[in-house]
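Worksheet: the structure to be examined is printed underneath.
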There are 2 protein chains.
Amino acid sequence: MERKTISRAVIKRLPRYYRYLGDLLESGVERISSNELSDKMQVTASQIRQDLNNFGGFGQQGYGYNVQHLHTEIGKILGLDRTYNMIILGAGNLGQALANYSKFARWGFKVIGIFDVDPELDGTMVRDIPIRMVSELPRYLKENDVQIAALTLPRNQAKAMAELVTANGVKAIWNFAHTDLKLPEDVIVESVHLSDSLMQLSYNMSNYKDKTQKKSRTKEK
Amino acid sequence: MERKTISRAVIKRLPRYYRYLGDLLESGVERISSNELSDKMQVTASQIRQDLNNFGGFGQQGYGYNVQHLHTEIGKILGLDRTYNMIILGAGNLGQALANYSKFARWGFKVIGIFDVDPELDGTMVRDIPIRMVSELPRYLKENDVQIAALTLPRNQAKAMAELVTANGVKAIWNFAHTDLKLPEDVIVESVHLSDSLMQLSYNMSNYKDKTQKKSRTKEK
DNA sequence: TAGATTGTTAATCGATTAACAATC
DNA sequence: TAGATTGTTAATCGATTAACAATC
């Protein structure tokens with residue numbers, strides 16, 4: 001089945017839809033119209049329908065969307081219907097925070113290894129995972145099927161580590177180092193730049209303009 | 001002087017410009033043209049010039065941009081020429097990771113307090129900051145001038161904490177809880193949704209398409 | 001059926017890229 | 001000056017919103 005390329009903007013919204021649908025599911029809501037969801041999520045109903053129809057018709061005229069079904073389908077689109085083995089490179093606070101976040105496992109992301117260069121940490125347990133030494137990494141990657149590596153280490157180590165793991169079969173990098181990685185086309189890189197985020201916050205604080213001044217968007221009826 | 005509203009897309013790119021200019025500065029590069037920077041950053045030279053000219057003419061025809069000067073100016077635009085007092089709500093791994101990240105202070109973000117509900121943590125030092133109890137928060141906020149609160153706590157506590165601190169004068173929330181916050185218009189909210197990021201990664205892994213080819217999809221049979 | 005709401009096309013809006021005159 | 005490169009306007013591209021026919 002040929003599917004047209006989905007824009008980055010749409011992909012970024014999918015996890016948010018998934019989250020809201022999960023919440024609705026928890027509250028026992030069975031069905032929802034694009035208009036109701038629009039109210040909750042502060043996006044236009046038109047955009048919701050447009051976004052979803054990139055992937056097929058999940059709704060029903062006169063009814064709306066079945067919450068359970070839509071939630072499941074978006075999960076599939078996001079690839080949450082399978083499991084991934086993930087390792088964490090850098091056992092600092094951030095690395096340990098990721099390792100401890102239990103929901104990742106529920107979405108299929110299994111942390112199976114944590115690595116650091118600090119000999120002091122060797123063998124320390126994080127949850128049920130022992131911290132291993134980076135020197136063991138090549139061997140580890142040959143013996144274990146790892147799809148994702150999270151880089152929670154200093155920026156000057158990020159490039160070398162990214163190259164090491166991708167050379168050993170890792171297909172995706174979740175990058176928390178404060179640098180952009182240039183890797184072969186077939187390696188997926190998703191970066192979380194905390195400092196960029198904080199700077200945006202700071203920009204908005206310095207340049208606050210009352211948004212109520214701008215005319216409000218017209219609602220669809 | 002009235003400045004026209006800057007689009008969200010531009011603002012998101014500013015920290016990245018700032019980062020690259022900082023790197024250039026460290027390598028002792030004195031001047032750079034939009035074309036050279038374009039090569040490094042993988043954005044078009046046209047976009048760079050267009051972006052910068054939202055804020056004024058920082059370059060010089062025939063010369064390019066002075067790295068030091070441009071770096072400083074973008075820093076000012078981002079509000080990095082002043083300092084902010086920040087508190088962290090939630091002293092888990094993520095909260096401690098933020099507290100330990102020394103670069104934030106260099107950009108003007110000073111972590112002056114860390115709070116948690118767990119009595120076990122009361123008084124524990126993170127760097128030079130003692131963990132305090134959330135119950136002390138209202139009084140603390142009256143005695144200290146806090147501009148930013150980072151929420152590194154479970155989603156079900158996020159709303160109440162956000163409301164508490166903003167009611168006590170905090171102007172901006174850096175939100176790491178897995179929920180969207182609805183707060184008064186004049187409160188700045190910047191969210192980092194780690195799970196959203198991981199799901200985008202997962203989407204891209206499941207739907208990888210060789211970007212070097214225009215058409216054709218990964219053959220699945 | 002009648003009412004509701006999707007799926008989808010068309011219109012609008014905004015952001016990116018191209019082009020080039022201004023000017024260092 | 002001649003060459004280089006910006007600042008800025010115009011053209012293009014893409015994403016969002018509006019509208020409505022299809023249909024449950």
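The backbone N, Cα and C atoms fix where each Cβ goes, glycine too.
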DNA-binding region per TrEMBL - which of A:16-55, A:56-95: A:16-55
Members of the binding-site residues set A:Gly90, A:Ala91, A:Gly92, A:Asn93, A:Leu94 whose C-beta sits under 8 angstroms from chain B: A:Gly92, A:Asn93, A:Leu94
Long-range Cβ environment of A:Leu94 (NAD(+) binding site), under 8 Å and at least 6 residues apart: A:Thr152, A:Phe176
